[in-house]
Amino acid sequence: MLCWVWVHYCNLKVVGLNGHGYLTVNKSISKAITYNPSEVSYRYINPKEDKLSSVYLVSPVQTDTSKIYVQAISEFSKFKTDPEYTFLPVKTINLEKEYLKNLIRVSHDMADWVVSFDSLLEKRQLENASIEVVRYKKDRINGRNIIISSTSALTTINKILSDLLKGLVSVRFDADAVLDKIKRDALTLSGNVLLRAAKSYIFTYEMLGLILSKKILDEKFKKEQKFNSQQLVTYFMLDDYVSWFPTEDNRIADILAIGISKHNGRHHISIKIVESKFVGSARSEHKKKSYNQLRSTLNTFIKAYYNNDSLPVDKRQWHTRLAELILDTKIQDIGELDILNEAKQAILDGNFNLSLSGASLIFDYSQESVDELGTSIYAQEVTLGSDYNAHIYAHQLEFGRESVLSLFNAYVNDEGIEKILDNANNDSCIDHLFNEKEIRNVRLNFDEFDLFTHDISVHDIAIDSKQSVNTVTKLETENLVSGQTRTLNGDVAVTSEHKEDCSLDSVHKTVTDNNIEDSVQKQESKEIAVEGVLKSETEHKDVTVHHAVSYDKNWPNHIASLIAKYANNDKAIEAKQEKEKEANELADKLCRALRSYNFIAKKLHVRITPNGVAVTLQGNDSLTIDKILNRQTTLLTSHALSISTIVPKPGKIIVNIQNKNREIVKLWDIWAKRKINKDKNGVNKSFILAEQENEDALLYLNLSDKTFENLPSHDPHTLIAGTSGSGKSVLLRTLILDIAATNSSKDVKLILIDPKGGAEFNPFNCLPHMLMNTITTKEESVKALQNLIVEMDNRYIKFAEKSVTKLVDYNALCTDESEKLPYIFVVHDEFAEWMMDKEEYKDIVRDTVSRLGVKARAAGIFLIFAAQRPDSTVFPLQLRENLGNRLVLKVTNAATSDIATGVAKAHCESLMGNGHMIARLQNENILCQTPYIDDSEFREALEAIRLDNI
């Protein structure tokens, strides 16, 4: 659909209310010694004028001196002043004015979407003029509002939503009504949610997660209203206000919900922050990301509103920001506007109570997701005076497919979801130790106690003292509440009924500052709990804990045991967090250096990699890859910035800065994180290559015929290139290990060819996957390659007998295990050695690869060729065309880099060696770091694979 966008700018003069440029304000005089402009909001909203917006040109709170000055100026106006009142000049925009009304109308007639860029125009005015605000964003730098509005129906998303809802809603429903409801709720959060959802299914899933999150928040605020007389609730998307609430690591949550109520003459502001994930795979990774975004955002609010170290001026600025925010609420009647104005003034005066809580909500709609609801809590401890510690809670709730379907059915029918949420809060453990005062409070109202809404009401200045996550069973918590045992100062209490079973083997306590996943026990993961040593908190409060290791359930037993023994992802996470500050400083240093050369350098994202720091910069005409490369030497000598690689991406450039102290990526850690992609016959054809540097993801060689982990299906045959010291041999070793470790020897067979006498491949001879011992002579290699052609032709004959076209379907039809055919992987190291000796061998290799190039994937035969220097003499064009996957480590020069990758300026000669690699897969260059395994652990892995196949 062709969509026109009309951009207009409202350049407004100072116009007055009722024809005058002055607004009447009751006497509001401040002593000069106490006056602070940051405490004052300059916006004015008149409940009776829904299409008018006004901004004071001077502070609405005047000192005696400034009042005289303003009154003197008003004498020059036509407005007659009154000594009983203060008259202040204002700037206004009124959509009832004929010329503005026509401008808005014509703009929306000409275009589907209209973009307004103005400091006065507010979304409230457009909404009251029956114009839908699709996107609203405040610019902190110049004070203007960016508003995208429309009078056209947003129909592009209807088809996508209809398709998705068919699989998510099991009850009968009015499709048009539900679609309208979803769009209205999305617009309540932010029009940007709807705009993104119209682009692709991925963003539509994201929108559905946000809609369910809003449903849950509605339920929680409704429950609060029973006890707190809640009057008004408003929702915001934090992405629209990211400049107002910046986080240290640029990770921000999704929803900011604010409840406004009044008790005994004092306003109460309840802030709830939610990060939502609607996922179909990689649930554990999304859990970690979601939690980190939530915690980062909560920390921003904690530092803003609870931190005693900040200056009073800073606190007033944060109060002003909160007051300005609630004025953006979409109101239904004049009464709500009165509530907003009262709450705004209470916040500016500091006469209010504030409570803060957060939730990470994971909606897993995948077919295999377990319908188990778990609760985990991050507690940010805050000291309120000398005798009371409060906690700000961040919860993580997981909803399996059945629960997601139940939530959608309830949403469609406008039914309550209290029962589903009660299950979420009570199904598993409560990861928080209550202090004495909290226990006392809970005993009084245990029936009304709800973890999601257990906010600590605070107003006075507080100190951010420490963070803790503790695990206590539901039974222990109930005992604490009922008074059977007590917990003081965080000590674990055990009832007399369970005293015999209170060892570390039966009671697992976790205390951590970093990773909430350590306290989330998942049914679908295999877990190994390693005993830790816990010291009494009465001594030093020092705790030594060894955390559980989670990994894919498809790993066979002996390999799984080694993963549990050697994997240590917690250590990698801790090391990465320690380097975050250093990484951001390095990124800022790069931006300053580029700006000194008159480049426009805007930092978008910073990522810590095993080899340094990846800085994502916004692309623009002044900043190109060639320009940065031309300054590469100067950046090193003048700014101590060693640039290794530069990766182009749509709309951005990723600059990778080297670090002298590189981290080793261990194969065990990668195996602990990797997913095993079994097909319908139980065969895995997606193999680990490396850890991506510019994305928080693993890189697989995906030889299956379907997308896996956001990676498309790759070509069947692969070239590996790398000079001495590049890590080529280690890559071959880990790749072969991964093929054998993730597949049964009945399903996969290996043919290994080693021109160097078998030094690299002979250790694999112990594996039952080997079709024959390692080939070390040209004659044996020629025979094996020629037999592959015969085997492929025979397989196609068998396929024809069963009327199938590929091996996966053939094996699925075989009722007798002996009829099934294995996949064959041929790994040929240093093929250049023999390619230079005889033309005969070169011809055989070329012909074999050419024959296998088209038909090999379906026949289940895959080739992996490796060479130090695959130049044109040993790597003819016909051979290059058939080896589509290019895994290129450090090479000697740019010419070799171009031949190995198949594209110019890949700059593989600039790689750091030791596993630093550019993978050219499906026309995309992916920078990554391959994993490492030492010789002794390599031998253990071989033995484990052998035992798993007995």
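Along the chain as shown, the residues are counted starting at 1.
Just so it is clear, glycine is given a Cβ too, placed from its N, Cα and C backbone atoms.
As annotated by TrEMBL, domain 'FtsK' applies to 695-898. If you look up TrEMBL, you'll see G722, T723, S724, G725, S726, G727, K728, S729 marked as ATP binding site.
Note: the ATP site is recorded as G722, T723, S724, G725, S726, G727, K728, S729; in the same chain, Q868, L889, K890, G913 also have Cβ atoms within 8 Å of that site's Cβ centroid. Cβ environment of S726 (ATP binding site): L889, K890, V891, L911, G913, N914, G915, H916 lie under 8 Å away, each six or more residues apart in the same chain. Sequence-distant neighbours of T723 (ATP binding site) (same chain, 6+ residues apart, CB-CB distance under 8 A): Q868, R869, L889, K890, V891, T892.
Once Cβ contacts within 10 Å are tallied over all protein chains shown, the binding-site residues G722, G725, G727 are led by G722. DSSP assigns S726 (ATP binding site) to coil in the three-state reduction, placing it in neither a helix nor a strand. For S729 (ATP binding site), the same-chain residues 6+ apart in sequence whose C-beta sits under 8 angstroms from its C-beta are E760, D829. Within the same chain, residues at least 6 positions away in sequence whose Cβ sits under 8 Å from that of K728 (ATP binding site) are I720, A721, G722, A866, Q868, L889. As a whole-number mean, the pLDDT of the domain 'FtsK' (695-898) in this prediction is 89. Around the Cβ of S724 (ATP binding site), the number of neighbouring Cβ atoms within 10 Å comes to 11.
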